[in-house]
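Taken from Swiss-Prot as is:
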BINDING   Asp454, Asp460, Glu463, Glu464  Mg(2+) binding site
DOMAIN    40-159  domain 'tRNA-binding'
DOMAIN    401-476  domain 'B5'
DOMAIN    701-793  domain 'FDX-ACB'
Amino acid sequence: MIITRKWLEKYLDLSNITNEQISVCLNSLGFEVEQEIDYSKLNTKLVIGHIEESDPIEGTKLKKTKTRIGENKYATILSTSRNIEEDKFAIVALPGAKLANGLELENREILGILSEGMFCGFNEIGLPNSVLTEDEQQDVYYIDSIYKNMDEMVGREISEVLNFDDYTFEVDLTLNRSDALAAKQLVKEIANYFDLKINNNEHKVKFEKPTESITIDLNKKVEDEVNTVSHTFIGLKNTNTPFDSSHDVWLKHSNVKSAQNKFENIANMATLISGQPFILIDADKVNGELTLTKQTIDEKELIVLKSGNSIVNILGLKTEDKFKVTEETVTMLVVMLNLDQISMRKQQRNLNVSTVDTQRYAKPLNPNLYDQGIDELVSILDEYKMLEDVQKVVTTVQKQNYDNVYSITLEKVQDILGIEITVEEIISLFRTLDIEISVKKSELTFTVDKNRTDLYGKNDLCEEIARLYGYDNIIEQPLEYVSFKKTKNLDKKLKDKLSDYLVGAGFNNIKTYSLTDIESNKTWNLFKVKDPVVLMSPLSIQRETFRNNLSKSMIDTIIFNANNGNKSVKFFEMADIFALNGFRQSNLCFGVSGEAITDSLSQVHIKSNYAYISSILMSVLDLYKVDVTNVTFEVNDKAIDEIHPYINATVKYKNKKIGFIYKLNPAFEQANKIYPTFICEVNLNLLLEIADKVHVTSEISKFQKSTRDISFELSNDVNFDTIVKAMLKDLNYLTNYKVIDKYSDEQMDKENISSLTVKLSFNSLDHQLTEKEINDDFEKILNNLKELKVKVR
């Protein structure tokens with residue numbers, strides 16, 4: 001982004017402020033000044049001349065001119081330029097002049113005729129060819145002005161008309177300050193820094209009620225990518241008014257190549273000032289209906305605006321010749337759009353151009369700049385006296401409406417910044433930035449300028465306060481080391497133990513990217529996390545939002561390894577998932593693909609299976625001291641397509657969702673060329689919450705334990721966990737129990753029952769149990785089962 005001093009002086013009184021001070025100001029505010037150019041030092045003795053006579057010299061390419069260079073003062077100038085014409089105002093270098101290209105002028109005799117100067121093109125006096133048209137690179141430049149009487153300016157220095165002696169600042173904008181692609185935003189910043197009043201010499205133009213109409217349809221291909229669609233109609237007059245040369249120079253100083261069409265140049269000016277790109281169309285050349293769609297051109301898909309089957313505009317470029325606004329145009333249709341930045345960055349790459357429009361379409365600007373934009377466009381047209389009338393802006397699509405009101409306490413600001421700052425000082429920092437501050441006790445409520453799409457939270461406000469306060473004014477404080485009692489971080493200790501266990505079990509710890517695409521995030525939202533964090537300006541569609549699960553990243557890593565020849569893997573990852581409103585959850589995900597256990601020496605090869613992955617989960621629960629008698633596994637009948645419809649379960653603890661355990665769908669495995677894969681993902685925050693944090697060390701009996709086995713029939717509809725407490729109540733010596741077998745035959749299957757065998761362990765701390773004591777407890781179990789109407793085999 002380039003701003004010039006003379007343009008700033010339209011809005012600010014810079015009479016007591018040097019260029020060096022402006023540069024320091026911009027750098028202090030976080031806008032890095034990459035380059036400064038002082039055009040006033042590039043040339044000397046350049047004046048405005050009027051070509052009154054032009055005669056070709058026979059047999060040569062030369063033309064002999066009589067050029068007025070002052071009141072009753074003339075010079076004979078010979079030139080080979082192809083565009084020498086009478087009654088034109090040109091840039092004349094007089095003898096003794098020094099030009100930016102290194103040339104020093106002196107009188108020169110050619111064919112016996114003394115040439116007393118030279119007509120200049122812009123590339124001879126300091127402008128690069130990159131901002132000049134092909135004609136401008138070869139021809140003499142002719143001066144037009146809508147502000148000055150050119151006859152009266154003959155003999156004066158060119159800068160009195162062209163503003164060529166300007167001083168430019170090329171500013172590098174960070175992505176979060178894309179709002180400064182509207183030059184007016186930098187005016188606010190500089191005014192605020194120097195405590196200057198902004199002079200808004202805006203032309204007061206009355207906006208009429210809409211009398212003309214047009215329909216702008218959105219094709220399904222683009223409707224999700226469009227944020228704003230606005231338009232208006234402008235009546236024109238005096239359309240043959242030439243484009244002012246001072247405006248032309250300002251565009252060139254701003255690194256913008258002027259177009260042959262002056263209306264496109266005026267649109268570029270308004271875009272540089274407001275940030276809003278414009279599509280200008282001759283309203284009489286469209287049939288009352290436009291369509292925004294996508295079309296493949298030269299094998300590249302581009303977003304275009306069409307009238308019927310004809311392309312009116314390829315977004316980022318100027319209007320097609322057939323629909324351009326020209327000097328014959330009576331009514332101009334102005335279309336203003338804002339689209340998804342990722343789509344427009346793709347458009348910019350496909351077009352392989354960087355224009356005033358593409359630079360702004362592809363950045364996260366305020367989507368509702370149309371009012372500011374049309375004010376600037378209308379203001380410039382009014383300066384040219386080309387404005388007949390203008391209708392009120394009609395907005396047909398307006399999707400985005402950012403929340404721009406945030407509150408923070410003074411204490412919070414002081415705590416974050418580490419400075420003693422008062423409410424009055426904070427308010428004084430935002431004098432001209434269109435950020436309103438109201439105060440209630442010690443709470444400050446900020447109503448943020450809607451152009452500042454980078455400010456959307458308390459931390460951003462604190463950073464903004466620090467920026468305006470001045471980073472150099474925040475005194476550096478050495479770190480203060482305070483001794484304190486070492487805290488017991490149970491969560492960290494458990495995670496460390498968990499990591500050690502999984503590594504010991506042969507798992508590799510992986511770290512994957514926290515950002516993912518929106519669609520897969522919706523698909524894999526197993527924990528039903530609400531309000532995902534979507535980036536304002538992501539680098540790509542694959543990195544649009546913070547993930548709400550670890551499973552998708554785990555599966556992608558397994559697929560990547562399989563494609564690179566590593567098909568048998570065991571991975572785990574511990575990471576946090578995020579959402580808006582401060583949501584943060586710590587998850588563990590582990591997965592096995594191919595062989596779960598491999599021992600080449602003993603020829604043991606065990607493929608991944610549900611029993612293995614569930615045993616790892618049970619070990620994790622045991623590490624967290626979770627009471628597994630309250631843990632249940634429920635099949636999810638509505639699993640996503642990527643998950644096996646039957647081999648999957650939601651793991652719950654007293655109806656609280658701990659996590660998920662599942663096998664991938666065989667079709668998905670086959671499509672991605674991976675071996676059978678089993679995944680488990682759990683919520684570590686919940687495990688910590690339900691963990692038994694009070695550990696009681698039990699005395700170990702020195703006496704020999706005794707065991708008994710019992711088998712009984714149980715309906716398949718009854719969960720063993722629901723009867724075990726009643727079955728084992730009122731026992732004196734039971735120390736442990738374990739289900740060791742489950743059996744059913746054909747007849748039992750018909751009756752929907754199974755036989756469970758449970759091993760019971762008995763012992764005592766103070767004596768060796770007698771057979772009678774063991775039998776008494778066992779008899780109680782039999783009676784309990786009888787009460788439960790359970791048949792013992």
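Placement of Cβ uses the backbone N, Cα and C atoms for every residue, glycine included.
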Number of Cβ atoms other than its own within 10 Å, given for Asp460 (Mg(2+) binding site): 16
Number of helical, extended and coil residues in the domain 'tRNA-binding' (40-159), per DSSP: 18 helix, 44 strand, 58 coil
8 Å Cβ shell about Asp454, Asp460, Glu463, Glu464 centroid, Mg(2+) site members excluded: Asn176, Arg452, Leu455, Asn459, Leu461, Cys462, Arg467
Which of Glu463, Glu464, the listed binding-site residues, has fewest other Cβ atoms within 10 Å: Glu463
Number of other Cβ atoms within 10 Å of the Cβ of Asp454 (Mg(2+) binding site) across all protein chains: 18
Integer average pLDDT (0 to 100) for the domain 'FDX-ACB' (701-793): 89
